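Enquirer: Annotations per Swiss-Prot:
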type: REGION; residues: 1-192; note: region 'CPSase'
type: BINDING; residues: Ser51, Gly244, Gly246, Met273, Gln276, Asn312, Gly314, Phe315; note: L-glutamine binding site
type: DOMAIN; residues: 196-381; note: domain 'Glutamine amidotransferase type-1'
type: ACT_SITE; residues: Cys272; note: active site, nucleophile
type: ACT_SITE; residues: His354; note: active site
type: ACT_SITE; residues: Glu356; note: active site
Amino acid sequence: MPIAAAKPALLVLADGTPYPGWSFGADGTTVGEVVFNTGMTGYQEVMTDPSYCGQIVTFTYPELGNTGVNAEDEESIHPHVKGVVARNITRRPSNWRSTQSLPDYLVEHKIIGIYGIDTRALTRKLRSIGAMNGGISTEILEPEALLHHIQAAPSMAGLNLVKEVTTHEVYEWTDSTNDHWQFGPVAEQQGQPPLTVVALDFGVKRNILRRLASYGCRVIVVPASTSAAEILQYNPDGIFLSNGPGDPSAVEEGIVTTKELLAAKKPMFGICMGHQVLGLSLGAETFKLKFGHRGLNQPCGLEQQVEITSQNHGFAVTEGSLAEEVEITHFNLNDKTVAGLRHKELPFFSVQYHPEASPGPHDADYLFEKFVKLMRQQKAEVAG
């Protein structure tokens, strides 16, 4: 049921399917790729994850906004979603860290939201037909009129959205995870010489930077357009390739830079978009998934070991395109797509999921330790 005085809103998919509901965010019209996220928690982290740039996110969990929002859970400086779709929402959150309700937060950041939608039916449609463009409006309440706006929007395939979310200036990240968090600073790394990591920012999440800092890394974040020569001027011990939105094959500057960085043979770790860019740089290909992987309980593994992982991506590395010197370390166990790879001889590895969680499980936090060990090992070999 709508909250008293709620304004009518309309969601329409690119195939013309209408979903009438009520507004719980800003007024206006928005168009983006309609996707779904199956997580029961973490809506604030999802909305502020730059990887969701250009997307209207359907939350499958039937209640949204119960814990409000707060400054600590922001994964970037502002939300990047184009819109939010919910079954039911609350305007009166209950959580000791909450400083604002979700509807007020969306209004502040000019994000359009619609609730009262049968999100189960919508999700089943997206699973069956595939993710597609759509639009939400509080102004245009006739499906055919809104459809004209949707049809004018570009497809996610071939779209370079990294340029919209990458940093424009180089900066150093110093904040590590707090002591009261389950995964705080890593004790065995305290007191050791710091490692310099240059993070190529395709749309990096803050908790990735926190985890690197927690493992004793000095993290320098650079724009996605930074050249290999400029990166190597920092004399990094390792190079990190971040997550990000859009089609990885369209991030041409990042691919060229990564190819050139491979020649330096420095330890390299990629997450999500970074995994795809590393794969492309090693000669692989990528393809668009039918509806993507977005949620907190995606099983990944190889042989006997399984990790429950947080994922958010709509593209994947094509298994048959990998070069002989590259091996698969993980598969997504739901659909057997490539979820991790590494070079057989050189210190390059990547995963298609988010070991930093935020939100999600911490099964794969060990990958940050693996990266640190590779850097310390190479540094010791050079010094010795």
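Just so it is clear, glycine is given a Cβ too, placed from its N, Cα and C backbone atoms.
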Enquirer: If the L-glutamine site is taken as the center of the Cβ atoms of Ser51, Gly244, Gly246, Met273, Gln276, Asn312, Gly314, Phe315, which further residues of that chain fall within 8 Å of it by their Cβ?
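Expert: After dropping the recorded site residues, what remains is Phe202, Gly203, Asn243, Pro245, Asp247, Pro248, Cys272, His313.
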Enquirer: Mean pLDDT, the region 'CPSase' (1-192)?
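Expert: That region's mean pLDDT is 93.
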Enquirer: With an 8 Å cut-off on Cβ-Cβ distance and a minimum sequence separation of at least 6, pull the same-chain contacts of Gly246 (L-glutamine binding site), or say none.
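Expert: Listed in sequence order, they are Cys53, Gly54, Met156, Leu159, Asn160, Leu161, Val162, Met273.
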Enquirer: How big is the Cα-to-Cα gap, in Å, between the residue listed as 'active site, nucleophile' and His354 (active site)?
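Expert: If we compare the Cα positions of the residue listed as 'active site, nucleophile' and His354 (active site), the gap is 7 Å.
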Enquirer: In Å, how large is the greatest distance between any two Cα atoms among Ser51, Gly244, Gly246, Met273, Gln276, Asn312, Gly314, Phe315, the listed binders of L-glutamine?
Expert: 13
Enquirer: If I take the alpha carbons of Phe315 (L-glutamine binding site) and His354 (active site), what is the distance between them in whole Å?
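Expert: About 15 Å separates the two Cα atoms.
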Enquirer: Do you know offhand how many angstrom separate His354 (active site) and Ser51 (L-glutamine binding site) by C-alpha?
Expert: 11
Enquirer: What does the structure give for the C-alpha distance between Gly244 (L-glutamine binding site) and Glu356 (active site)? Integer Å is fine.
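Expert: Cα to Cα, Gly244 (L-glutamine binding site) and Glu356 (active site) are separated by 14 Å.
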Enquirer: Give me the Cα-Cα distance between Glu356 (active site) and Ser51 (L-glutamine binding site), rounded to a whole Å.
Expert: 14
Enquirer: Other than its own, how many Cβ atoms are within 10 Å of the Cβ belonging to Gly314 (L-glutamine binding site)?
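Expert: Here the count is 23.
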